[in-house]
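Peer 1: Dumping the structure here so I can ask a few things about it.
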Amino acid sequence: MEPNASNNMQPDNCLEITPMEVHKVVRPPHRSTIQKLKSRLKETFFPDDPLLQFKRQPLGKKWILAAQYVFPILQWGPNYSFKLFKSDIVSGLTIASLAIPQGISYAKLASLPPIVGLYSSFVPPLVYAVLGSSRDLAVGPVSIASLILGSMLRQEVSPINDPFLFLQLAFSSTFFAGLFQASLGLLRLGFIIDFLSKAILIGFMAGAAVIVSLQQLKSLLGITHFTKQMGLVPVLSSAFHNINEWSWQTILMGFCFLVFLLLARHVSMRKPKLFWVSAGAPLVSVILSTILVFAFKAQHHGISVIGKLQEGLNPPSWNMLHFHGSNLGLVIKTGLVTGIISLTEGIAVGRTFAALKNYQVDGNKEMMAIGLMNVIGSATSCYVTTGAFSRSAVNHNAGAKTAVSNVVMSVTVMVTLLFLMPLFQYTPNVVLGAIIVTAVIGLIDFPAACQIWKIDKFDFAVMLCAFFGVIFISVQHGLAIAVAISIFKILLQVTRPKTLILGNIPGTDIFRNLHHYKDATRIPGFLILSIEAPINFANTTYLKERILRWINEYETEEDIKKQSSIHFLILDLSAVSAIDTSGVSLFKDLKKAVENKGVELVLVNPVGEVLEKLLRADDACDIMGPDTLYLTVGEAVAALSSTMKGQSSSYV
């Protein structure tokens with residue numbers, strides 16, 4: 001039989017006890033320190049258990065599985081068919097039409113020569129096709145990483161006054177970004193990037209999109225002398241202080257192509273089957289604008305052009321990597337920041353499309369793939385690359401089946417580098433600015449921001465801090481502020497854990513939060529609390545003070561109602577997953593403190609590690625005695641009610 005509770009709690013009622021079987025709390029199975037350490041390390045660094053597939057396999061099969069794990073292309077490559085290739089070649093050509101103009105545009109955003117953007121769209125996709133595990137990820141330069149790379153390096157080196165050193169630092173930053181990314185994957189430390197929460201990323205991306213768009217005012221207005229700062233106020237101030245440099249020809253051309261690109265994007269968003277409209281619009285814009293400039297000699301009428309670009313494939317750049325000197329700290333810092341941002345974006349994009357197609361993307365393998373891609377890229381005249389959302393979305397909608405679409409895109413870029421570079425000589429910078437603005441608009445996610453406001457106001461505040469920090473201070477400082485606030489939130493949760501007062505649901509032996517379940521009732525003589533967090537040195541002082549305050553509040557209420565005082569303090573430890581030595585001391589100190597008030601401390605359902613440590617520390621059985629340790633709150637109340645003297649309550 002189960003104990004029941006009545007809503008009637010008047011002191012003249014009699015205590016009715018329904019017999020209940022009391023289950024013994026069992027000590028957890030003994031494990032050695034080595035076994036515990038092994039289990040903890042496995043759950044920390046190998047939660048996906050990558051070695052599971054090797055168990056009970058012959059040696060030859062293990063070697064094959066190992067090769068497939070390192071080179072995912074060996075998994076799907078042997079079964080590749082012409083039918084798959086037809087889909088991949090269509091998607092590859094489609095994303096190439098987007099990657100070529102975006103590559104040139106993003107390189108200029110990073111203050112690098114435009115040709116570097118094309119180099120970065122040639123080698124990295126080939127590397128990712130061999131090492132990557134995503135079928136949909138389209139690799140290349142991205143706007144946010146380009147913005148951060150350029151803005152951080154410009155703080156120390158001018159790309160105009162010392163372009164060669166600036167290029168050296170860009171390639172060196174890419175090397176360190178790749179080294180950091182690959183190390184995270186190799187050492188199974190991918191959880192580090194989880195500190196960039198969804199709220200942070202949404203605010204950061206939106207703020208960066210605003211800054212990137214405002215930076216394009218230089219191209220869209222035809223301004224020659226423009227600020228190098230990234231904040232909202234300096235950019236707008238620079239734009240309006242140089243009105244005399246505005247070119248109506250540039251503004252007209254920029255407005256026309258920006259409207260065209262936005263309309264193409266709108267059409268593809270409304271009708272996903274017309275994905276090719278937005279995918280091809282940038283290349284069409286480049287071709288049309290180049291023809292117009294060449295035909296009307298517009299470069300002599302206020303419209304700036306890219307100029308002559310170098311022909312040929314990527315030249316080696318390992319001799320340009322910068323591992324010493326006064327700029328080494330800048331290079332490492334830039335590589336670290338761009339590496340984290342690009343890695344987070346790439347993995348998020350890969351997982352998004354993997355979920356749509358119901359397959360798995362290994363986060364650690366992706367880190368190694370993206371990292372090695374950037375390390376190799378730094379030695380072949382490429383800057384930071386990752387999986388871009390816009391290109392990956394086009395790749396997905398175009399029907400990509402495997403990573404061969406990246407190979408097709410790379411081959412198309414190679415042909416462009418070898419034979420088509422002279423055609424870009426008259427491409428106007430204003431069109432590249434319009435392409436960038438159109439691309440980054442998609443980074444502003446209003447529905448997601450509204451959803452965050454609806455779910456968690458603190459997360460919304462974090463998102464706003466990231467957004468305003470980016471647009472008013474700087475990209476990297478805005479990101480740092482948002483991460484710091486998120487860590488502060490985690491620290492608050494650790495140091496100020498929730499404690500709930502529980503009551504009985506009438507007619508059951510279930511106990512739930514009194515402030516949540518309005519029909520739940522207190523059991524006279526009992527204060528039942530639930531601790532809902534691990535107990536450690538950071539929160540023991542708070543927990544002791546809070547629990548004693550619960551007792552004082554309870555007794556004050558009982559005095560007002562003229563009911564009996566508290567006899568038992570029951571702590572439900574079901575949600576306490578871990579405890580340290582300070583936590584163990586908490587229960588000893590708490591027991592002494594409540595005994596001085598005439599209250600007995602009772603523990604309910606300490607789990608695993610918690611129970612083991614409490615038993616080990618309780619040599620005298622002061623805390624874990626047979627009458628102070630129970631498996632459920634219902635059993636504890638039923639067993640202890642019979643020991644209460646001189647009071648009336650109901651537990652029917």
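In case you wondered, yes, glycine gets a Cβ from its N, Cα and C as well.
According to TrEMBL:
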- 516-640: domain 'STAS' (DOMAIN)
- 112-130: transmembrane segment (TRANSMEM)
- 165-187: transmembrane segment (TRANSMEM)
- 199-217: transmembrane segment (TRANSMEM)
- 246-263: transmembrane segment (TRANSMEM)
- 275-296: transmembrane segment (TRANSMEM)
- 367-390: transmembrane segment (TRANSMEM)
- 402-424: transmembrane segment (TRANSMEM)
- 430-448: transmembrane segment (TRANSMEM)
- 460-488: transmembrane segment (TRANSMEM)
Peer 1: Counting each residue once, how many in the domain 'STAS' (516-640) are helix, strand and coil under DSSP?
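Peer 2: DSSP composition of the domain 'STAS' (516-640): 55 helix, 21 strand, 49 coil.
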Peer 1: With the transmembrane segment (199-217) as the reference, find which of 275-296, 367-390, 402-424, 430-448, 460-488 contributes the most Cβ pairs under 8 Å.
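Peer 2: Going through each listed stretch, the top one turns out to be 460-488.
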Peer 1: Can you say which of 112-130, 165-187, 275-296, 430-448 has the most Cβ pairs under 8 Å with the transmembrane segment (246-263)?
Peer 2: 430-448
Peer 1: Report, as numbers and ranges, every residue of the chain located at least six residues beyond the transmembrane segment (112-130) whose Cβ falls under 8 Å of a Cβ in that stretch; write 'none' if there are none.
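Peer 2: For the transmembrane segment (112-130), the nonlocal Cβ contacts are 71-73, 99-100, 102-106, 137-141, 150, 159, 163, 166-167, 170, 306, 309-310, 313-314, 369-370, 372-374, 376-377, 380-383, 385, 403-404, 406-407, 409-410, 413-414, 416-417, 421, 424.
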Peer 1: Checking distant contacts: for the transmembrane segment (367-390), what same-chain residues at least six beyond its ends satisfy Cβ-Cβ under 8 A?
Peer 2: 98, 102, 107, 110, 112, 116, 119-124, 127-128, 131-134, 137-142, 145-146, 149, 170-175, 177-186, 190, 314-318, 321, 338-339, 342-343, 345-347, 349-350, 439, 442-443
Peer 1: If you average the pLDDT over the domain 'STAS' (516-640), what number do you get?
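Peer 2: It averages 86.
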Peer 1: Between the stretches 402-424, 430-448, 460-488, which one has more Cβ pairs under 8 Å with the transmembrane segment (275-296) than any other?
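Peer 2: Going through each listed stretch, the top one turns out to be 430-448.
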Peer 1: Who are the chain neighbours of the transmembrane segment (402-424) in space, where the CB to CB distance is under 8 Å and they lie at least 6 residues beyond its ends?
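Peer 2: Cβ under 8 Å, 6 or more out: 73, 76, 80, 84-85, 88-89, 91-93, 95-96, 99-100, 103-104, 114-115, 118-119, 121-123, 125-126, 128-129, 132, 134-135, 137-140, 286, 290, 306, 308-314, 395.
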